[in-house]
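Each remark here refers to the structure printed beneath this line.
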Amino acid sequence: MFITLIFLSYINIVLSNNYWARLNETITLNSNITNDTNNELGIFWNSYNNTYYNNTFNNIAICGKKGIFCECNINYNTSISNTSISNTSIYNVTNNCSLTIFLYDDNIFKTYQLVYQNYKINYTINLLLPVTSPNITYNCTNSLITCEKNDGTNTNMFLSINNITINHTNQDILTYYWNNSEFNNFTATCMINNTLNSANTTKVINCTNPLLNSYQNYFLENIHTLFYIIIFIVSGLIASIFISIITFLSLRKRKKHVEEIESPPPESNEEEQCQHDDTTSIHEPSPREPLLPKPYSRYQYNTPIYYMRPSTQPLNPFPLPNPCPPPKPCPPPKPCPPPKPCPPPKPCPPPKPCPPPKPCPPPKPCSSPESYSPPKPLPSIPLLPNIPPLSTQNISLIHVDRII
């Protein structure tokens, strides 16, 4: 110790020591100072104060040592307010100038400093707490095991796989990547301990099919979400089928209605046939009647031609037309479908520019007027010699409507 102090004084470094202690425990900070009996040595015990950002050391005791004797003057209030331990002092100095501390409160766990001559030694006292069982997690996709500390101080953590220690640390978290090719189904144990107690956690890890395992975990964690998705899909399918059926029936009914409107009524053919029979019976002559020659075509003059028939020929009565059946009452009109909305008018294209007007050709000279010739007289048609005069005949006019 003496050699260490000489070395520290030479390089000007402060020596630091860490102590772990429980609550209500007494700890002694040993000074280990030796000096000659002829020389007196001054010793100072200080405590670190970090209240209100005032990082300074407060003096606890001032001691003088000569040989093996030590006499101190304690400047710190050593009384304890708790009645159960009121007779116990917080700080005491032994005969060799070592400091004894009773750790009755959390505020006592701090840093203390020993100063003598040109030497400084820091003693840091930490509160030692018991440990609890750690947490162990794993990720099959990354082949990762994680051990995490819950409570406890001054701890050591160990990881064992199949009762074989694989890794250890004194930090709060321990991680380890295992080899997939060696094992995927094993038992992992995380153990944590300190000088007070120890605890462990064991978990069976099965990663034979990491992809399937991850899908199973996702399914179990999101089972309620998948249930709502299935209900939504089934409801959508039922609604789509219902809408399709309604649309099909509506289109079928509309098509049938349009066909009934466009198809002609069955009575129209009979009426047209009846009218056609009447017309032919009136205008077409009987086949027994003799046909007289027609000198000119009907289309030439566009006028009806009448012929005379002698009274010696018997008149053939024309057959009367068949009476038409009474018309059937028309069915009530069916309501028309609502008109479709007209599409919006398309914008008119811009007008094309007119081409420039072409120059007019020069006027042609007028031809000389043709001479007028009088019309030729119509040829005289001789009458038949056997026809008596008009005054002695019973003449009837026949309207001939046949085209020669």
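Numbering starts at 1 and runs along the chain as displayed.
Yeah, the Cβs are placed from backbone N, Cα and C, and that goes for glycine too.
Residues or ranges marked as signal peptide in Swiss-Prot: 1-16. Annotation source Swiss-Prot lists topological domain 'Extracellular' at 17-225. Residues or ranges marked as transmembrane segment in Swiss-Prot (evidence: sequence analysis): 226-246. Positions annotated as region 'Disordered' by Swiss-Prot: 260-295, 357-390. Among the features that Swiss-Prot reports, repeat '1' is placed at 322-327. Sequence annotations record features per position, and here Swiss-Prot assigns repeat '2' to 328-333. Look at Swiss-Prot and you will find 334-339 tagged as repeat '3'. Per Swiss-Prot, repeat '4' is recorded for 340-345. Here Swiss-Prot flags 346-351 as repeat '5'. What Swiss-Prot records for 352-357 is repeat '6'. The repeat '7' annotation in Swiss-Prot covers 358-363.
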Give the nonlocal contacts of the repeat '6' (352-357) in its own chain as ranges (CB under 8 Å, at least six residues past its ends). none
Sort the residues of the repeat '3' (334-339) into helix, strand and coil with DSSP and give the three counts. 0 helix, 0 strand, 6 coil
Long-range Cβ neighbours of the repeat '7' (358-363) (under 8 Å; 6 or more residues past either end): none
Counting by DSSP, what is the helix, strand and coil composition of the repeat '4' (340-345)? 0 helix, 0 strand, 6 coil
